[in-house]
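Database features, via TrEMBL:
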| type | residues | note |
| --- | --- | --- |
| DOMAIN | C:114-304 | domain 'ABC transmembrane type-1' |
| TRANSMEM | C:47-68 | transmembrane segment |
| TRANSMEM | C:118-142 | transmembrane segment |
| TRANSMEM | C:149-170 | transmembrane segment |
| TRANSMEM | C:176-193 | transmembrane segment |
| TRANSMEM | C:228-248 | transmembrane segment |
| TRANSMEM | C:254-274 | transmembrane segment |
| TRANSMEM | C:286-307 | transmembrane segment |
Amino acid sequence: MSTIDKTATVPAPRGGDHTGPLLEVRDLHVEFHTRDGVAKAVNGVNYSVNAGETLAVLGESGSGKSVTAQAIMGILDMPPGKIPQGEILFRGQDMLKMSNEERRKIRGRKIAMIFQDALSSLNPVLSVGYQLGEMFRVHQGLSKKDATARAIELMDRVKIPAAKARVSDYPHQFSGGMRQRIMIAMALALEPDLIIADEPTTALDVTVQAQVMDLLAELQQEFNMGLILITHDLGVVADVADKIAVMYAGRIVEQAPVHELYKRPAHPYTRGLLDSIPRLDQKGQELYAIKGLPPNLLKIPSGCAFNPRCPKATDLCHTEVPPLVPVTEQDGTELPGRKSACHFWKETIHG
Amino acid sequence: MAEPSKTNEAGAVSEAEAVAAIDAPIQRGEPILQVRNLQKHFPLTQGILFKKQVGAVKAVDGVSFDLYQGETLGIVGESGCGKSTVAKLLMNLERATAGEVFYKGQDITKLSGRALKAVRRNIQMVFQDPYTSLNPRMTVGDIIGETFDIHPEVAPKGDRRRKVQELLDVVGLNPEYINRYPHQFSGGQRQRIGIARGLALNPEIIICDEPVSALDVSVQAQVVNLMEKLQDEFNLSYIFIAHDLSIVRHISDRVGVMYLGKMAEIGTDVQIYDHPTHPYTQALLSAVPVPDPEARANRERIILTGDVPSPANPPSGCRFRTRCWKAQDKCATEVPVLAVPERFRGLDTPAAHQSACHFAEEKDVVHAS
Amino acid sequence: MPDVTKTAAPADEAVDTPSVVAAAAPQQEKARSLWGDAWHDLRRNPYFIVSSVLIFFLLLIAALPGLFTSASPTAGDLVHHYVGKPELGKIGSEGWLGYDIQGRSVYARLIHGTRASIIVGVAVTAIVTVVGSIMGMISGYFGGVIDAVLSRITDIFFGIPFLLGAMVVLQSFTDRTILVVVFALAFLGWTQITRVMRGAVITVKQADYVQAAKALGAGTTRILFRHILPNAMAPVIVVATIALGGYISAEATLSYLGLGLASPTVSWGVDISAGVQAIRTSQHILLYPSIMVSITVLAFIMLGEAVRNALDPKLR
C-alpha cells in the first residue's frame, strides 16, 4: 500500500495479497446495558462486501443496521455498548482483536464513513477547505498550501461548483446537498477501500438525493471501493445496490441480489415492506400494512422475532429461531447469493 | 365556485355572526376553504434594541387554492418551498403578511377571540414529529382531554374521560393507556395520539404537516390507512402536506406542487402524476426513487443541477428558471401565472390543468417508456 | 399477499405493548412520568443519598436546635474563657468542641448558627427562583421589545459583582437582620435564574406541543403554565439548588467581612469572623464553623448535580 500520490485512475486491485471479501462480518452480537435491562441490538449478523461492490443494509429503526456499522467503524459507545461475540474481518484480519492504535490507522484511511446529518458532522468554526486539507496534513504531512490545493481538487471531484472560490467558506454557507458532497469528499480524501454510508440522502430533498446518490455510485466505481449503504428507503436501494441484506431485530432476515429481492422476496417481512409502499405510477386501493410494532429490543419475541407481526406465523415460528439458509428454485437449483431466515421461505418465494 | 361573502370585507360582521357562520353546516362538493394570494414574509432584521428591517424571507409568496368538502388536497414540495408555513398560516399560528383564507365566507386570517376559537374547533392539525408534538409531562388522557378544557362546550365535564377513551379506541389504541405518558409509546402510536387530539373537537378540516415522514415504513402504511378510514367515517377534508410524492398520490384527490413559496402546478392526482406540464413537477417526479429496479431502468430521469435558491433573494420572473432546462429570456422577466396553459385551454385532456410555466408541455415521467 | 391482505391493523397494534415498556409487566408500569423517571434515577444515585441525608440533618438542626444541645449559644461563662486547647468532653456535651473567647460553647453556637445560614440560603433561593422565573418567562415568551428591555436590565444587574454589590447594599442599612441580608442577596441574585429560565422558555416555546396547544385555541396562561413552565423548569431547579449553597457561603463571607449578620445573631459567618481573631492561639473556633459551611455548600452542590443528571438523560 503506497501512499497516494497518483491523482486518480482506477487503482484496483489494491491492498496486498489478501483474497476474499474486503470486509466480512461474522456472527456479530452487540448489546446495550440500560437501566431497563439488556437491549440486544445485533444478534448474529453475517455479511461481506467485496471491492467495487455495493451492499445495501435495509432496515427500520431498531433493526440494528446502524449499530452494526458503528461496530465496524469502532465508534460504538462502550459502555453502554458491548460486543459479546463475533468477528469483523477487514482483509482477513479481525478488527475486534486489534489494538486501538491499529484500528485508528484503519479508520479514515481504509474505512471511511458518511453520516446522515452533514451539518453536525462538520466543524462550524473551520472552513471546509481547512477541514478537507486536515486529512492530508495529518495523515500525509502535506504543507498547508499543498493541502489546500488537494482540498480544491477534492471539491472539484465531488462537483462543487466554483471550488476554488468556495474553499474558504464555512459549512453553514453551503446548502444541504453541497454539505453532503463535502462529507463525501472528506470520506474520499484518503482513498479508502471501503465506505460506509449511513442514510446519506435521508435528510436531502428528492431532486438533490438523486444527484448525491449518482455521485456516490460514480466515485465508487472510479475508485473500485466497497460500499455499505445503510438505509430504510427501498427506493434508494433499488438504484445503486448490488446486493441487499434486510435486517429485522438485529438479525439478517433476507439476503439477495437487488433485482431478485424486488421480484421475489423470500421473507414475509420483505414482502410486507414492499407491499406497504404506495406506488407513484398508479393509484392503489388501501395500502397493505404490516400489523403491530417494531420489536422491543429489551424483549425480542422468542423464535422468529417477526412472528407477532407475520401473517403466516405458526407454532414453529414461536419456538424456533429460523436460521439464515440458502434459497433454491423449486427444482432445487441454487439461487446464488440468496438466503432467507424464514421457516416457510419456500412458500413465500414460490407461493 | 361560491364567492366569499362580501359582508366581511366591510369588516362589519359582529363576532356572534361570525361564530354562527362558522358553525353552519356545509354541503359536500362545495369549497370549504378558499385561499387567495396568501403571503408570508419573515422580516430579516439587524440591531439589538432598535431593530431595522434589512430584507425579507418570502416563505410564502402568493398562494391560492380551494379545498372542497370531503376531499384530500396534497401539497408537495422540497424543503424551504413554504409548504409548512402554509400549514401554519391556515392554522393562524403565524399571521399572514397578505392574502385571505376564507372559511365559510369568513376571512380567518383576520379573526381573533371567540370567532377564532370557533374556527379552531373546525380546523385542526396533525404535526410532523410525533416525538415533539406531545407534551412529555402530560398523560395521554390530559393531552387529548385538554381540548375539552379549552372548548368546554364540546363535552360536559363528567363525560370527558369516556370521550378520550373513545377517541383512543377510534385511532386504534388501547383505551386503558389513558394514564400513560408519551415516552411510553412508539412513534406510530404517538402519531395516533396526535391524530386523536386533532379529532377530539370533531373538526371539518384537518391539516396534516408531514404526518408520516418521521415514521418507519411499516408503520407509515398503518397511519395512512387510519387517516383514510377516519376521513370516510367523519367526513373530513384533509390538507396533506408531505415531501413523499408516492404517499401524497396515494391519499390525495388533488395535488398542488410548490416551489420557492409559489404554487407551480395544481390538479387532480392523475393530472399531476400522469400528465405533468410544469418542468419542476416533471423533475421532481422523475427523481423519486422507485422500489423496482427494472421499472427504474426504463424510466427517464431528469437530474436537476444546483440547489433551491434562497427565498430571501428569489430569482426574477419564474422562480424555477435557474434550474430549468427550458428557461429562456422570457422566464427571467415575466412571472408565469398559475392558470391552464394557453395551448391546452378548452381541450378535453388531462394536461389542461393549472400550471405556472410559460412553456408548459406534457411529459410522462412516471411510467416506464 | 395470500391471506391477511389489505387489512389495516390498528387494533392489533393496540394489543401489543409499546416498545418502551417491558412487555412482561405492562400493568404495573402504567404511568411513568418524566418526573417519576427522574426520581427513579435519583433514588439510586449515591450522591443524592449522601447529600439528602446531610441536608435532612441540617434542616432538622435548623428547625429544632434544642434536640441537639441544651447549652445556650449566647450565655458565656468566663470560667471557660479559653485560649489554649479545647477541654474535650463527651461527644455531644457542651464543651466537646471547646469554648470561644467569651466562654460560649462552640458546639452550641454551631447548632444554633445553622438556622441563620439555612434561612438565608432557602429564603434567597425561593425569592430568586420566583422572581427570576417570572422575569425569564415573560422575557422568553413574549420576546420583542419586552425581552429587549428586560434582558438589558438583567445584563445591568449581572454586571454588578455579586459580593461587592451586596456589600454596597448592606452598607446602606444600619440594622442588618437576617431579612436585610436575604434582601441584599436576592436583589442581586435573580438575574442568574432569569437567564436560565429565558433560555429554557425560548427553546420550549418552539416545541410542536406548544404550537399544538395554540392550534387548539389555548390561552396564554394555559400555554405558559401547563406547557411551557413544566418543561422549562428542570434547568432552573438545578441552578437554584447549586446556587443555594452559594448563598450560604455568601452570607458567611459577608458576615466575616462585618457586613452581614452581626452578634448577637448567631451564625456561622459571625463565628468565622470571631475565630479569625484568635487564629494563632485557638484554631478550633474558626475550624468548626468553616467545616459546617463547606459541608452545607457541598451538600447542595451535590444535590444539584444529582438532580441535573436525573433530569437530563443526555448527560448520562
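Glycine too: its Cβ is placed from the backbone N, Cα and C atoms.
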Positions on the same chain near the transmembrane segment (C:149-170), where near means CB under 8 A and six or more residues out:
135, 138-139, 176, 180-181, 183-185, 187-192, 194-195, 198, 250, 253-254, 257, 259-260
Count the Cβ pairs between the transmembrane segment (C:228-248) and the transmembrane segment (C:118-142) that lie under 8 angstroms and are 6 or more residues apart in sequence, then report whether there are at least 3.
yes
Out of C:47-68, C:118-142, C:176-193, C:254-274, what stretch is closest in contact terms to the transmembrane segment (C:286-307), meaning most Cβ pairs under 8 angstroms?
C:47-68
By a Cβ-Cβ criterion of under 8 Å, what residues six or more beyond either terminus of the transmembrane segment (C:47-68) are in contact with it?
92, 111-112, 114-115, 117-119, 295-296, 298-300, 302-303, 305-307, 310
